[in-house]
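**Student:** Structure provided below as structure tokens; questions to follow.
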Amino acid sequence: MATTSTTGSTLLQPLSNAVQLPIDQVNFVVCQLFALLAAIWFRTYLHSSKTSSFIRHVVATLLGLYLALFCFGWYALHFLVQSGISYCIMIIIGVENMHNYCFVFALGYLTVCQVTRVYIFDYGQYSADFSGPMMIITQKITSLACEIHDGMFRKDEELTSSQRDLAVRRMPSLLEYLSYNCNFMGILAGPLCSYKDYITFIEGRSYHMTQAGENGKEETQYERTEPSPNTAVIQKLLICGLSLLFHLTICTTLPVEYNIDEHFQATASWPTKIIYLYISLLAARPKYYFAWTLADAINNAAGFGFRGYDKNGAARWDLISNLRIQQIEMSTSFKMFLDNWNIQTALWLKRVCYERTSFSPTIQTFILSAIWHGVYPGYYLTFLTGVLMTLAARAMRNNFRHYFIEPSQLKLFYDVITWIVTQVAISYTVVPFVLLSIKPSFMFYSSWYYCLHILGILVLLLLPVKKTQRRKNTHENIQLSQSKKFDEGENSLGQNSFSTTNNVCNQNQEIASRHSSLKQ
């Protein structure tokens with residue numbers, strides 16, 4: 001029988017018993033499905049053309065708080081406390097330093113909640129917990145504080161192009177602030193979105209276009225027909241269904257913990273160990289695919305997430321998408337994998353940390369990422385190993401890839417080899433993230449004789465690192481991406497270039513193009 005331990009509602013306990021899943025997980029899934037239906041109703045009956053922004057803010061906030069209370073009970077009050085105190089800090093401290101104070105408070109409050117949950121309540125439990133939504137709220141609090149600081153204190157010439165596009169020029173009201181942090185579309189699983197994008201959606205300005213005049217200076221505002229998100233939502237729901245089915249049927253039969261089983265370690269051959277490591281970590285990913293894709297579908301169903309039109313005129317609903325599954329599974333480099341995994345968190349790390357620190361930004365960004373994820377030792381082992389794997393993979397790529405570009409058969413051979421190496425390296429790196437505790441994590445690495453750690457260190461010691469050339473290429477890429485802005489079609493909204501923690505820390509690329517019609 002499924003566990004009855006929960007801080008939220010027990011109304012669905014019979015369903016929990018029937019499907020043999022923890023009640024917290026059942027509450028989460030049912031609430032997300034309710035949010036999907038609410039999103040369709042929200043877009044149909046509370047469309048921005050039919051009602052005021054005030055009503056949309058109120059309804060979105062109340063529905064979000066209800067879902068939080070249903071899932072987490074009185075622990076949902078933490079969401080209001082964290083948001084309320086952060087808002088007071090913004091008002092009292094002022095725009096000059098509020099981003100620093102909000103950052104310290106929000107991250108500190110999140111860390112305290114994570115410590116109490118992990119070491120006082122249910123250590124090692126993966127069921128839904130209140131610190132999960134707080135992680136998203138922390139991202140929103142810190143992002144918005146930085147955006148207000150940029151828009152109301154710093155000079156435009158001091159900002160990067162992405163900071164100028166995201167800068168908020170007025171202080172949000174308390175209702176707008178709570179709606180942004182606690183709306184029903186993102187309260188349970190996110191994803192993170194910028195404040196300006198959210199307000200643009202609530203006020204119905206997502207489809208207002210700007211067309212340059214003949215002299216290149218005059219601009220004409222016009223409204224383009226609102227595209228339907230139905231196709232995008234259906235596609236994402238199908239992905240959710242397949243991911244959930246895969247998780248429920250395959251994941252339980254291929255546990256990651258079996259990698260440290262004594263009998264398996266003693267009897268399995270190395271090829272068997274490598275294959276099982278890859279398959280077990282592959283089976284662990286669908287639950288993330290399910291949660292993030294469903295969250296994206298909910299936002300799309302409400303009309304939020306429209307990015308613009310591609311070159312063929314098709315509507316794109318990936319403005320706040322958090323992953324690209326095909327690119328993840330077919331990754332031929334560490335960078336490619338990270339570029340397509342947890343996209344919005346990578347952007348957050350860049351915006352609030354990497355771009356704003358002058359002392360060891362790479363190290364500080366990885367530290368922030370580890371702290372934000374939680375207090376399990378496995379998280380820190382994963383991120384430390386990830387730094388090493390990222391640097392080693394880059395060194396290998398810079399020194400060898402150019403030998404395998406031509407002919408096409410050689411390139412195919414290179415892609416196959418790098419795909420195998422990347423998938424094994426990723427799996428090796430994230431095992432502690434799944435195992436959580438320090439002892440089983442070291443048991444796994446010791447059973448592999450720390451071979452990839454040693455190999456990564458040898459690569460960094462023996463292969464030259466082309467720092468100067470890399471910085472030069474980065475500068476050229478920035479100039480190229482900036483020049484491309486002016487080549488965009490008149491009818492398309494600009495595209496955000498998504499980065500990852502790896503990309504954040506090593507390439508200071510500007511986020512390409514938000515259309516000027518989205519500016520406040």
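Cβ coordinates are placed from backbone N, Cα and C, and glycine is handled just like the others.
Below are the features I grabbed from TrEMBL:
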type     : residues : note
TRANSMEM : 26-46    : transmembrane segment
TRANSMEM : 58-81    : transmembrane segment
TRANSMEM : 366-391  : transmembrane segment
TRANSMEM : 412-435  : transmembrane segment
TRANSMEM : 447-465  : transmembrane segment
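Neighbours and distances for these, please.
**Tutor:** Within its own chain, the transmembrane segment (58-81) is flanked in space by residues 6-9, 24, 27-28, 31, 34-35, 38, 42, 46, 109, 113, 128-130, 133-134, 137, 175, 178-179, 181-188, 202, which lie at least six positions past its ends and keep a Cβ under 8 Å from the stretch.
Below 8 angstroms of C-beta separation, residues 107, 110-111, 114-115, 118-119, 131, 135, 138-139, 334-335, 338, 345, 349, 352-353, 425, 428-438, 441, 452-453, 456-457, 460, 501-502, 505-506 of the same chain, each at least six residues beyond the ends of the transmembrane segment (366-391), sit close to that stretch.
Counting residues 6+ beyond its ends, the transmembrane segment (412-435) has Cβ neighbours under 8 Å at 256-257, 259-260, 274, 277-278, 280-282, 284, 330-334, 336-337, 377-379, 381-382, 385-386, 389, 393, 401, 404, 441, 444-445, 448, 452 in the same chain.
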